[in-house]
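According to TrEMBL, the protein has these features:
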DOMAIN    170-261  domain 'Transglutaminase-like'
ACT_SITE  Cys178  active site
ACT_SITE  His235  active site
ACT_SITE  Asp258  active site
Amino acid sequence: ISISVFPPSNACIGRYILNMQITSCGHTYQRCLGDFYVLFNPWCADDPVYMDNQAHREEYVLNEHGILYEGVHKHITSRPWHFGQFEEGILDICLKILDMGASYHHGSDRDRCWRNDPVHVSMVVNHMISSHTTNSIMKIPENNDYLKGTKPFSWNGSVPILQQWYNGRCRPVRYGYCGSLASVMCTVMRCLGIPSRVVTNFCFPCSIENPLGINEIFDCTGKNLCGKDKLWRYHCWNESWMARRDLNQCCGDWQCLDPTPLETGRGSACSGPTWVRSIREGELDLDYDGQHMFSRVNSNYVGWLSQNNAKKTKFFCDTWPCGQHLITKSVGSEQFEDITGAYKYELGSVKNKEAYYRAYRRIHPGYCNASNCHIERELSSLKNPFLSDSGINMRLKMANCPMYGEDVQLHWLLENLRGENKNLKFNLSAQIVTYSGCPMDQFWKDSVNVTLGPREVKKIPLCISYSQYGPYLCDHNIMKVVALSDPECGEVLMVSRDIVINRPPVIVKLLSQPRLKVPCTAEISFCNPLQEDMKNCVMTLEGCGLFKEPMTIDLGTLASNQQARTIVEFTPYRLGSHRLLANFGCHRF
């Protein structure tokens, strides 16, 4: 007997058991024919996750390899990530996640009727990634303290994280960061049949008091003080494709889901799903968490100088607007795609202003009947004055692209826009900053007197040696360099630059052609570029379809300029396009 099963497009996803009942000669027999899984189907036109582009389906559903974008908006770095949604046992883990999170919105999961709606499924998954009180998949370290767990940036893929959570009785894995949370969610969604991708937003504001404003405070030396607001250098979230029945959508579109719990003023919580188009239009009443998502790509930056008497004054500076660069991996390519235009209209355009005014009235009820001119005056009063208003233009330009162990070279460019001399004293500083905007050690300070003749342009070289920044950098490979004029000289001018220190490369070389179920060898090499020993060196290898479990190699101590070579053997256990990932760690990073 050949049996075919055709589940309707509104069937609940999950694992089903197929029983056959046979009645013969007055006797009834039961036989279990096995079990099968029902998932969302982006190939089916009647399914709410239907995606009509085959290349997009291959990228956002079938592709197990992804790229995470990090760094700062002027220096974007990338690293590969294994989603591994087709690895053995991952589907059962994903369904376990739905079981554990079922009570989040529904109190009871007896009828499971919500499991045919990708909106509710995505909300449950979003909540389970890091917001669930006891059974969330992953935790973020508090105060950057991860001594009791795995370094957040040492993960190469989602599979070990999901396996550790499942095998550890559904206790949270320690630790992750926004990139790993968004990537794990992407794995779960793709595994369930929902097209998904990871998005990175550069200059991401996290403000508690003012949803559309982010404040950074500096002292007179240029040190960034720790305040309530944080300006994340980048933040990753998830986008999933679905037609929203609750919004009467007949066709699928991208919905924004942020699994990272962020402080909102009413406690920390994840966000979404939020229709990306509603964020661009400023239609905040349409959707879940529209206010939070709009503010994360449209907040205004305000910089303050805090002096000894606790008085705060705005300084002159040219600020980069928040949320002006959003990117994701391109379809069928290793390059990134700029999707900023999906979240907001071009800065300064009529449509951009109309959307902002619309959202401003919703976020600030006191302005619900205010005119556009009234709102614009209010916004102008909150912003920092431009450097050009003071008669001086400044910027910090990189002279090199520094790697661990190399000095940081910058050019400080100053231009006098007026026909009179300018005599200024500047305080210079450099400080470590985490990706989430937490200021760390200020490791370098200097002061310099600058004289500019009428209309004069001057270039001043700056150098920060590795011996100055090396002991402080650790896992946080971002530093902030600031030049701030002395308040006693009159108007306070400020220019800053975020600098990414690149990590030394790990080189992977295949020594034989990979074939299914045939042993293969690869050479992994790494060279210590520092003028000091690297201690506690560890190499972690991972490859979906190549290794059943990640491989860890203890390299011990590497002397200066010493090259470590390791030969590893593996046996590919399934067909497909595979990628071998190698991650190096030591006492420095």
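Even glycines carry a Cβ here, placed using N, Cα and C.
Just so you know, TrEMBL annotations are computer predictions that nobody has curated.
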Whole-number Å distance between the CA of His235 (active site) and the CA of Cys178 (active site)?
-> 6
By DSSP, what is the split of the domain 'Transglutaminase-like' (170-261) into helix, strand and coil residues?
-> 17 helix, 43 strand, 32 coil
For Cys178 (active site), nearby residues of its own chain (Cβ under 8 Å, 6 or more apart in sequence) | Ile140, His235, Cys236, Trp237, Thr260, Ser436
Please name the residue among the active-site residues His235, Asp258 whose C-beta has the most neighbouring C-beta atoms within 10 angstroms.
-> Asp258
